[in-house]
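Note sheet for the following structure.
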Amino acid sequence: MSDSVIRAAHDVLIVGGGGAGLRAAIAIAETNPGLDVAVVSKVYPMRSHTVSAEGGAAGVIADDDSLDEHCYDTVSGSDWLGDQNAIEAFVREAPRELLQLEHWGCPWSRQPDGRIAVRAFGGMKKKRTWFAADKTGFHMLHALFQTSLRYAEVTRYDEEFVTRLLVDDGRVHGAVAIGLMSGRIQAITAKAVILCTGGCGKVFPFTTNANINTGDGMALAYRAGAPLEDMEFVQYHPTGLPFTGILITEAARAEGGWLLNKDGYRYLQDYDLGTPTPTPELRSMELGPRDRLSQAFVHEVEKGRAADSPYGPVVHLDLRHLGEALIDAKLPFVRELCLKYERIDPVHELVPVRPVVHYMMGGVSTDIDGATPLGGLYAAGETACVSINGANRLGSNSLPECLVFGARAGRAAAEYASAAGSTPSVVEAQATDEVRRLERDLLGKRPGGESIAAVREDMQATMEEAAGIFRTGPAMAKGADTLAELQERIGDVDLADTSRSFNTELLAALELANMLDISECILQAGMQREESRGAHQRTDFPARDDERFLTHLLVHRNPDGRSRIEHMPVTITRWVPGERVYGR
Amino acid sequence: MADSIRLQVSRYRPDTDAEPHWQEYDVPLRKEWTVLDGLNHVKNEIDPTLSFRWSCRMGICGSCGMDVDGEPKLTCGTFLTDYEPGPVTVEPLANFPVVRDLVVDLSDFMAKLPRVKPWIIRDDDHRTVEPDVEYLQTPEELDAYKQFSMCINCMLCYAACPVYGLDPEFIGPAAIALAERYDLDSRDQGTRERLDVLIEHEGVWGCTFVGECTRVCPQHVDPAAAIQRYKLKAAMATVKAFLLPRGGR
């Protein structure tokens, strides 16, 4: 079978082995042990970007908290663009999923009596964020990965990159993948496919995201005919380290850290976020939502009140008053990262920070079971848009999102696969076409003189210019024109590396093609949304416009390759759109 | 500070090269730049055919381990200025088969990891237990295993381990540290099952307690201590088996 274009057949194929993908795999193995499930990932699962999440995972557990309050915080945090049926399911199931992780060994931080400890987080009115010091994502991912090893029935294809979904008659039947070590290009067929490939921060130059976050699943779905949703909403995290973009967790502020301008002034008080208090107030000041804090930074720069650094304007995160004992107990990774990458000790010194691209609210449009409009295709985690995050995600909602919707998508895909028929023979021809495309168009190509790095750099600069914290119609239109030129240039990309073995240049070329498609979707949706909501702030349309835009935008790909935007209503169950109020 | 520093990089492409050879690249020397930044400069500006793994660039994903001047290091946390005036050598991690350039084959570790059962084992099979409430665990109980839970599987300890270098059957420092991580977890009841695996002849006995694993660990895990504890547990089990009826089980 190994020389055939079809390498293997499974019931469910999961693309991506991070938090959502592994949770989906375990859900299928537990609920449908008879099904044959496989996980294909371009990195070993424990390298997935879930590993970098720091602050925590939200789930109602404290006695003074309620599901309704978590719902309301999430709905208002989303600027009323989140779908409330999805948010209600998410909030209801998050605590059980986090308990499940506890049973699987996640070393959650504890109260003295042994119960789970929770901390405050931005935009949350109650303490409900579970944490494992400040390496929460790392511990969750390793607990999931190590637990997944129990299920020997789960097949893994590690370090294999999916290049195309196989689709026939509106249904997905598997994928074509390149084995990085072997260089072998073959199809893996499946009755259902779940995309769990994470976000696409690498379309921007300055991001907390890892090198692998190139939006592969979004691009695969888009090209296969599934629409992307809420793509115009890009989250800037307010506190990244200059130069590297390394994330300094919101937990630093939840534990009591302050944001200061160059005069040592807690400037957030000037932006309708409340008044300063010595100890943190929930939903106030430094514990406001990320979109509002990142926007306040830009205004401080405009007023000339930001500090200078070799890498542009910064503000300061002040943790000194927290003391060494608390920092070492609750924020050890923050201290380690500051010492290593800034040569600054936050116990004694101010930490320079600036907003940094962190998270995509948008993604592959799904229902609350992770199903896309394409038969047999599912998505979960940052790749997907359910949409619980709407126009702005609250910190610590994304880790439980991976668990809740990973498990839901796993169960739904298992049910679909159990009822699905056999793989049509046309799939083999499609796979052969894809193998030929990769062999001839990429590996066997004559040099065209363009460099991958140069096109990628131009794309990133274009996106920063056009789709930053504040946007305008003309700037986005100009960016879209530049992207069209870059799409031409990528056709002339020169692959110097013709080796079959671990060809990371080929990988980079395929990732770049994915990112260019996604960049275009971000700008097209951004141009259509003529209002300001959450993370999408347009200086030419500064107000929220519920009359025209209390709606999701879906980006479809037309057969000619161009994008087409459609509207989809927001689901409102119990919380009518209102003003977002923080600090008062 | 000089403007640039020379990297001597080990190159190997199995389709064309009989054996690895050195290639030199001059890269800018900046105080913020890590060895990984230098390699990315090479990849983006000088020679796109150089292959290496990397991802998070913040010391947590464990992808970018390489031998830098002969020492196993995470290249994303190793600064070029520490090697002034250079040249600095960059090689694939020792003790592993080389796939290509700086990329090594981790299949051996990935096959060994499940053997030590690195998951919570309970007498009540938790596959069927629906969680309504957490297993209580005090901060002190958490501290008992916490350091062993910090392993990022970066493989620096295998590259540094002289025993693994000589005897690839040795299960190795990270896997043993993870076994100990679960043994010490108050929620776990699987010590006996793991011991059965680890007292097989190449489990823990190969270790001659050199301690290199602990020295090179970027996460301050102490695999050498884990191995030592296993030897003690194994010895105790042997004594019990000798003295008690039914082998003390």
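Cβ atoms here come from the backbone N, Cα and C positions, even for glycine.
Predicted automatically and left uncurated, TrEMBL annotations should be read as such.
From a predicted model like this one, the values you see are computed outputs, not experimental measurements.
What TrEMBL records for A:11-399 is domain 'FAD-dependent oxidoreductase 2 FAD-binding'. Feature annotation from TrEMBL assigns FAD binding site to A:16-21, A:41-56, A:Asp216, A:Glu382, A:398-399. The substrate binding site annotation in TrEMBL covers A:His237, A:Thr249, A:His358, A:Arg393. Annotation comment: TrEMBL describes A:Arg290 as active site, proton acceptor.
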A:Val43, A:Arg47, A:Ser398: the binding-site residues whose Cβ falls under 8 Å from a chain B Cβ: A:Val43, A:Arg47
Fewest Cβ neighbours within 10 Å, where candidates are the binding-site residues A:Ala20, A:Val43, A:Val51: A:Val43
DSSP state at A:Ala20 (FAD binding site), helix/strand/coil: helix
Cβ atoms near A:Gly16 (FAD binding site) (within 10 Å, other residues, all chains): 33
For the binding-site residues A:Arg47, A:His237, the one whose C-beta sees the most other C-beta atoms within 10 angstroms: A:Arg47
C-alpha spacing of A:Arg393 (substrate binding site) relative to A:Ala20 (FAD binding site), in angstrom: 17
Spatial neighbour of A:Thr249 (substrate binding site) that is closest, considering only the recorded positions A:Gly16, A:Arg47, A:Gly55, A:Arg290, A:Ser398 and their CA atoms: A:Gly55
Inter-residue Cα distance where the pair is the residue listed as 'active site, proton acceptor' and A:His358 (substrate binding site), in Å: 10
Env. residues of substrate site, Cβ within 8 Å of mean position of A:His237, A:Thr249, A:His358, A:Arg393 Cβ: A:Thr208, A:Gln235, A:Leu247, A:Glu250, A:Arg290, A:Tyr359, A:Gly395
Coarse DSSP state, helix versus strand versus coil, of A:Ser398 (FAD binding site): helix
